[in-house]
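This is the structure, below, for whatever I ask next.
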Amino acid sequence: MNTKVKFFLTIPIGILLGLFLPSQAYNTLSHIFIRLAYFSLIPFLIFSIPLGIENIIDNKKFKKLIVKTIYYGILINIIGVIVSILAATIYIPQRIPILDKNIPNIYIFDKAAFLETFFPKNIFTILTNNNPNLLSIYIISIIIGISFYYAKQKGRIARELILSISNLFYNANGIVVKILNFGIIFITAAYTTNLKNFKNYQYYINSIIFFSSWTIIIILMIIPMISYQLTKNFKLAYKSILISIQNIIFAGFTMDSYAPYSVLIEDIKNERMNIKKSIITNIPIINFISKSGTIFIATISFFIILKSYSSLPISIYEISYMSILTFLFIFAFPHVPNSLIYIITMLCSTYTKGIELSYSNITPIIPILTSLALMIDFTSNIAIMYIIDLNELQET
């Protein structure tokens, strides 16, 4: 049975389970399946990045590929800033009444503990943390990659070993994806159960409709327009999205910025997506830099928080300033999956001490906002892969 058909058959099962047989066990099972994706994806990245770094140093063509990746990632982010300014100028969702100033913020982070995650004593905690910091993984991989280049023949045996291990996890990823095809039932059930338990939803309808509408506009109109302008290929602009639609939805349900790439890599490997396999090694860089969805959702979320605390009019200057600030904050947390909450917190702290996310009434819809941000991010990243791939074909 076609992978896409399987996916869209399991989604309704998960929704029905969440609606009629709700259980907190779904959250546990959901986390297990999402972490399972990490067990193949993270080791694959650990062992493939050193080989990529060696190629960057040794291969001018590979250097050009990396430069293009960074360029398109930043370009997509700049467009995310422009869309944020445009959307906020046209209309900002109505203020949400502050129902309870003691809303617990389960997303708040301890800065000292967060900084310690940069260089953990046990590197394998990357597989168990709720919000893993990948910077330590990349630093080690970069050091190994540079060592390979300078070691030359001395490092040949180690290089071949790492190449073999990388290929092993690359192929093992297929087994994990097959399990995930079943796990999506519980991931969807957990998401549905959490939405069902959402209280006072009537106060958030305006914001949810606004964010959902703009997410659809960005995914189905703005990103394809960008792809067309950069490739002059209208068919490719929409084909990349339609082929990957199940991966985009999966990114939203998992609320995780890395797990969906496990499925994406398998699609590329099995040639369900017409992208060169060599571009897979660029996934970490693309995911580090390209965060247009996070920029858009974080910026608008901040102004909703601001409107809830102040009735003063919001100027175009403030909108532009905070949008650009969000763009800069993206580079402060590139290594942290699901950095949306960190960026919103930073925006609140930067603007004034009077606004604190821990007391904000937007906290209950953070899961929905995270889903929408990741769906836009993932769509942007897929578009970047297709753009780079087409450019490579045109140059050869």
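Each residue's number is its place along the chain shown, starting with 1.
Every residue, even glycine, has its Cβ placed from backbone N, Cα and C.
Just so you know, TrEMBL annotations are computer predictions that nobody has curated.
When I checked TrEMBL for this same protein, it listed these features:
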- 35-57: transmembrane segment (TRANSMEM)
- 69-92: transmembrane segment (TRANSMEM)
- 134-151: transmembrane segment (TRANSMEM)
- 172-191: transmembrane segment (TRANSMEM)
- 203-224: transmembrane segment (TRANSMEM)
- 279-304: transmembrane segment (TRANSMEM)
- 316-334: transmembrane segment (TRANSMEM)
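Explain the structural surroundings of these features, please.
Listed by sequence, the residues of this chain that lie at least six past the ends of the transmembrane segment (203-224) yet keep a Cβ under 8 A from its Cβ atoms are 79, 83, 87, 91, 93-94, 96-97, 99, 237-238, 241, 248, 292-293, 296-297, 300, 304, 361-362, 364-365, 368-369, 372, 375-376, 379-380, 383.
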When each of 69-92, 279-304, 316-334 is checked against the transmembrane segment (35-57) for Cβ pairs under 8 Å, which one has the most?
279-304
If we skip the immediate neighbours and take only residues 6+ beyond the ends of the transmembrane segment (279-304), which ones have a Cβ under 8 Å from one of its Cβ atoms?
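Same-chain contacts beyond the flanks: 45, 48-49, 51-52, 55, 65-66, 69-70, 72-74, 76-77, 79-81, 83-84, 87-88, 92-93, 95-96, 134, 138, 207, 210-211, 214-215, 218, 257-258, 261, 264-265, 268, 314, 319, 322-323, 326-327, 329-331, 334-335, 339-340, 343-344, 347-348, 351, 362, 369-370, 372-381, 384-385, 388-389.
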Any residues 6+ beyond the ends of the transmembrane segment (69-92) with a Cβ under 8 Å from its own?
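Counting only partners 6 or more residues beyond its ends, the transmembrane segment (69-92) has Cβ contacts under 8 Å with 210, 214, 218, 222, 226, 230, 282, 285-286, 288-296, 299-300, 303-304, 307, 314, 316, 319-320, 323-324, 326-327, 330, 380, 383-384, 387-388.
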Grab the same-chain neighbours of the transmembrane segment (316-334) for me: Cβ-Cβ under 8 Å, and only residues 6 or more beyond its ends, written as numbers and ranges.
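Distal contacts: 77-78, 80-81, 84-85, 88-89, 288-289, 291, 294-295, 298-299, 302-303, 342-343, 346-347, 350-351.
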